[in-house]
Amino acid sequence: MAHVQLLGTGGTIASRGNGAGGSVATDTAADLIGTGYGALGVTARDVLTTGSYRLGLQDLRTIAEHVREALADPGTDGVVVTHGTDTLEETAFLLDLVHDDDRAVVLTGAQKAADSPDPDGPRNVGEAVLAAADARLRGTGALISFDGTVRSARGARKAHTTASSPFRGGVEVAHMAGTELVVTAAPARREPLPLPPAAFDDVRAEIVTAYPGATPDLFDFAVRSGAEVVVLAGSGVGNAGPGFAEAVGRAVDAGCAVVLSTRAPWGPVVPLYGNGGGTDLVAAGAIPSGDLNPFQARILAALLVSLGIAPDRMPEAFRTHL
Ligand SMILES: NC(=O)C[C@H](N)C(=O)O
């Protein structure tokens, strides 16, 4: 009999009204398991019980360690992680970066609380369990299963605040057709990185956004106040206004890695423009993030910093994992 371990971390899927107008993470992993798996065995373990908007890097490391522990059991065929959707794409990407196992780890959550009249959590959990146990999804890394679609963690992002299917992007690897999982693609995998060490918890990795009239003041402040990484969410293909190229140069000289991503939701960073644009930012030492959005680029950079990658080796290390 196939066996899936479900790790609970909280989120809307585990949330109920707190009597004061707010919904708070309450339910345990055991509460979420549900029924109807036929020949599949599912066991539950609580890792955290929190809204994902409250997570710190230490929590992400804790989740990664629990996944590794679950996979240490040879009787486990796959792992499901239930998680709030707000920052699920960051945890999912960290799990993907360090995943060194054939078995799938599948993240899911819900958009409607556990005590809503028509919660979406039970269906999402059921489908995630099915995906985690499916031998055809071996070798696909960390996945996000939500509202009938299974996609790679890499490249996925929460693209809608309230829709029942909030995630877009990544590689769609499977979808539900009735009660069957139809597998359609396999995402390309990179060499796994080591699990984050304790230093990951305290890495200062900030995100600064470009917009009309933005000055480099916030960027400079991040560096001055001890940031080890600043991700610049540039405009378009990765541009920023007056003063940013100089600020990038100062940051890099001070030993702070600068990653150039984009505030556009989709598409790669392509240094094309001078006059302070992407070509100047990269010439000043910014590392283009490829297709990685600022939030996932930040996770990769923070992991590399925590692993002791020196600033001068950062561009190459970063590129290797794009
Ligand atoms: N749908 C959700 O799970 C959102 C929730 N605020 C969370 O991320 O914890």
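Cβ atoms are placed via backbone N, Cα and C, with glycine included.
Per TrEMBL, these features apply:
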- 4-169: domain 'L-asparaginase N-terminal' (DOMAIN)
- Thr12: active site, O-isoaspartyl threonine intermediate (ACT_SITE)
- Thr12: active site (ACT_SITE)
- Thr85: active site (ACT_SITE)
- 206-318: domain 'Asparaginase/glutaminase C-terminal' (DOMAIN)
Original post:
Should Thr85 (active site) be counted as helix, strand, or coil on the basis of DSSP?
Top reply: coil
Original post:
Going by DSSP, is Thr12 (active site, O-isoaspartyl threonine intermediate) part of a helix, a strand, or coil?
Top reply: helix
Subject >> Pairwise Cα distance for Thr12 (active site, O-isoaspartyl threonine intermediate)/Thr85 (active site) [Å, integer] >> reply: 8
**OP:** Inside 10 Å of the Cβ of Thr85 (active site), count up the other Cβ atoms and send me the figure.
**Re:** 24
**OP:** Using all protein chains in view, find how many other C-beta atoms are within 10 Å of the C-beta of the residue listed as 'active site, O-isoaspartyl threonine intermediate'.
**Re:** 26
Original post:
DSSP says what for the domain 'Asparaginase/glutaminase C-terminal' (206-318): how many helix, strand, coil residues?
Top reply: 45 helix, 20 strand, 48 coil
